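**Q** Positions annotated as ATP binding site by Swiss-Prot: G12, A13, G14, K15, T16, T17, R120, Q155. Residues annotated as Mg(2+) binding site in Swiss-Prot, with sequence analysis given as evidence: T16, D32. According to Swiss-Prot, the feature substrate binding site maps to D34, R58, G79, R139, an assignment based on sequence analysis. Marked as region 'LID domain' by Swiss-Prot: 112-126.
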Amino acid sequence: MTQTIFMVGARGAGKTTIGKALAQALGYRFIDTDLFMQQTLQSSVAEIVAREGWDGFRLRESMALQTVTAPKTVVATGGGAVLSHDNRTFMRQHGMVIYLRASANVLAERLAEDPEDAQRPSLTGKPIVEEMLDVLASREPLYQEVAHHVLDATQPPEEVVEQILHILADEKVK
């Protein structure tokens, strides 16, 4: 199997950590769409949002998603990539979509520990746990809709990678 593997989930779910480890295990390339945009535009996510608003950021996110999609690539998407129906359709048609699911409390803990994630602009202006509850309430149905497979992202990353490798092996057999 050489199709693109898309990692979806909220900020702090482990898309980058698990995506990198999965790509290494498979001998695939790894791309984080947020980092791709930051490098391409030479701006942080906060700067892009300040300059272009969330709508402009989401448009760039969609373009980045299509640009980086290629065989033998693991793509960590931005948490809001699923907000676009076109993105959800694109990912389902062009690869396998893995939803890394975690509770708002777990996500908030992880975000509080990660100084890089702390620099992301707030989506709601609320404290992080409340924000994650709101974000998950609105996005959970979209993550579920787009996902070919839903995995518990509260497990250690190496266990999640093993589960994905088993899924890929099963898909190959079919």
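Yeah, the Cβs are placed from backbone N, Cα and C, and that goes for glycine too.
Situate these features within the shown structure.
**A** Counted within 10 Å of its Cβ, the other Cβ atoms near Q155 (ATP binding site) come to 16, all protein chains included.
The Cβ of T16 (ATP binding site) lies under 8 Å from the Cβ of D32, A76, each of which sits 6+ residues away along the same chain. According to its DSSP assignment, T16 (ATP binding site) is helical.
DSSP assigns R58 (substrate binding site) to a helix in the three-state reduction.
Model confidence over the region 'LID domain' (112-126) stands at 64, taken as the mean pLDDT rounded to a whole number.
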**Q** At a 10 Å cut-off from the C-beta of G14 (ATP binding site), count the other C-beta atoms across all protein chains.
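**A** By my count, 24.
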**Q** Show, in sequence order, which residues other than D34, R58, G79, R139 on the same chain lie with their Cβ within 8 Å of the centre of the Cβ atoms of the substrate site.
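**A** Along the chain, the qualifying residues are R11, E61, T77, G78, G80, A81, V82, L83.
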**Q** Among D34, R58, G79, R139, listed as contacts of substrate, what is the widest Cα spread in Å, to the nearest whole number?
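**A** In whole numbers, the farthest two Cα atoms are 18 Å apart.
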**Q** Please report how many Å separate the Cα atom of R139 (substrate binding site) from that of A13 (ATP binding site), as a whole number.
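**A** Cα-Cα distance, R139 (substrate binding site) to A13 (ATP binding site): 13 Å.
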